[in-house]
Amino acid sequence: VSTMNAKARSGGEEEASGMRSETLGESGCLGEVKRGQAILVAYLIATLELTFLFMQMGVMPYLAKSLGLDSVGFGYLQTTFGVLQLVGGPIFGRFADQFGTRAALILSCASGSAFFLLMSFSTSISLLFLSRLPAVFMHGLPGAQKVITDLTTPSQRTDALGKLGLCFGIGIIIGSALGGVLSTKFGIFVPTYVGLVGNLINTMMAMVWIPLQAKPKSDHRLTEHSTPQSGSMFSIREILRLMKFPGVMEVFIVKVFAGLPVGLFLVMFSIISMDFFGLEAVESGYLMSYFGVLQMVFQGLVTGKLTNHCTERTLLRLSVFVFAGVGLGMALMRTVWHYCVIAVPLVFAFSTLGTITDSILTKAVPSSNTGTMLGICASVQPLTQTVGPTIGGVLYKQFGVSSFGYLQLIVNIGLFVYLLKSKIPLREMKS
């Protein structure tokens, strides 16, 4: 009898164990589905936010002109936006690390709503400058990158981050076209109303679909013990502390300087397209759309495939080497058709460098600090937008378009030699 009871108990335990395993398996599948949904929503939020941003960029010159703002004043307006984005990037990243990814995305989308609301009330130059203030927390792309970083494994990360290039390309193409159509047919303030409603929808999506705690609890506890989140969101020391991790400073320097000369060229592109290429406004818009399509193809489809066949170190060196070749091409180009050819390797290098460096830098710091690291990375573009008009204007006026190409060539040859000789540690930081 005791033997029978023991067998019965054993059978019951095995059945219960099987049921628990089945339940855990179903829970794992359910968790995987929810992670997939959250990542897709992050892509959608990033796409919509970029669309609205490029939509207002197309309308802003006409709105500023209608309020009596001259070209110098418009330059100050753009610089104000760039400075706010530059300062806000690391602060937004710290906020994401301390309060979670959902709270950070909600803050970004709500700031976007405030941005377009104030812009819709801009009946004077002072109100127009005031409408730039919420830009300090408008960081939908880094927010989406944080979601992806938290919900993917290191091996999946580069490909998943690369697909954000599709979002960027769609934002450029649809946003630029939509802003022109809406402002022409319905009035110059209509795009701001669309941006306001769209960002409110983004806010609701972030509240409903983005998980409250993206990282596993065990991972969160471990990283909290290993690198405590001391200090406030505005602590410069905490932000700079990340630069001391192995390889971080070296990779960040490459990220900043490799694309800086081309970034200066792109900041000045509206003037260069008019004066040097002799393009009309419509033709310049087509060229931007072409740039957006290339961005979608390379960052969304090509970069992720390359990571399956090449190491991140190899791709980092390749992107810098291609940038050097792009510099030579820019120095020699004379027509817009030359630029269309050069744009192919240019976008490839830009996409690969941005995706690979973001992936490397988030792996080099503890997972509790990935938001801050992504915020620092997001400050690179606003930095170019801030210093670009001044430095780019001097280069263009004094030395012509070819100066951007020669500077690009010299800087990237130096960086390529540095990457060949130095042994930058590229590894995932263990919590």
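Positions of Cβ are set from backbone N, Cα and C atoms, glycine also.
Annotation comment: TrEMBL describes 35-426 as domain 'Major facilitator superfamily (MFS) profile'.
What TrEMBL records for 1-21 is region 'Disordered'.
Outside the transmembrane segment (40-63) by six or more residues, the chain places 74, 77, 105, 108-109, 112, 116, 119, 122, 128, 138, 140-141, 143-144, 147-148, 163-164, 166-168, 170-172, 174-176, 178-180, 182-183, 188-189, 191-192, 194-195, 198-199, 201-202, 205-206, 209-210 with a CB less than 8 A from a CB of the stretch. According to TrEMBL, the transmembrane segment annotation covers 40-63 (among others).
If you look at the transmembrane segment (75-93), the same-chain residues 6 or more away from its ends with a CB under 8 A from one of its CBs are 60, 64, 69, 104, 107-108, 128-129, 132-133, 135-139, 142-143, 146, 233-234, 239, 371-379, 381-383, 385-386, 389. The transmembrane segment feature in TrEMBL is assigned to 75-93 (among others).
The annotation transmembrane segment is assigned in TrEMBL to 105-130 (among others).
The transmembrane segment annotation in TrEMBL covers 164-182 (among others).
Residues or ranges marked as transmembrane segment by TrEMBL: 188-212 (among others).
For the transmembrane segment (251-272), the residues of the chain that approach it from at least six positions outside its boundaries are 243, 284, 316, 319-320, 323, 326-327, 330, 346, 349-350, 353-354, 357, 360-361, 364, 376-377, 380-381, 383-385, 388-389, 391-393, 395-396, 401, 404-405, 407-408, 411-412, 415, 418-419, 424, 426, judged by C-beta separation under 8 angstroms. Among the features that TrEMBL reports, transmembrane segment is placed at 251-272 (among others).
Per TrEMBL, transmembrane segment is recorded for 284-302 (among others).
The transmembrane segment feature in TrEMBL is assigned to 314-330 (among others). Same-chain neighbours of the transmembrane segment (314-330): 251, 254, 258-259, 261-262, 265, 303, 306-307, 338, 341-342, 345-346, 348-349, 352-353, 356-357, 360, 401-402, 404-413, 415-416, 419-420, counting only residues six or more beyond its ends whose CB sits under 8 Å from a CB of the stretch.
The transmembrane segment feature in TrEMBL is assigned to 336-361 (among others).
The transmembrane segment annotation in TrEMBL covers 401-420 (among others). Note on the transmembrane segment (401-420): residues 254, 257-258, 260-262, 264-265, 272, 276, 316-317, 320-321, 323-324, 326-333, 392, 395 of its chain, located 6 or more positions outside it, place their CB under 8 angstroms from a CB of the stretch.
Only residues 6 or more beyond the boundaries of the transmembrane segment (188-212), in the same chain, are considered here, and those with a CB under 8 A from a CB of the stretch are 34, 37-38, 41-42, 44-45, 48-49, 51-52, 55-56, 59, 62-63, 66, 100-102, 105-106, 109-110, 112-113, 115-117, 119-120, 140, 147, 178-179, 182.
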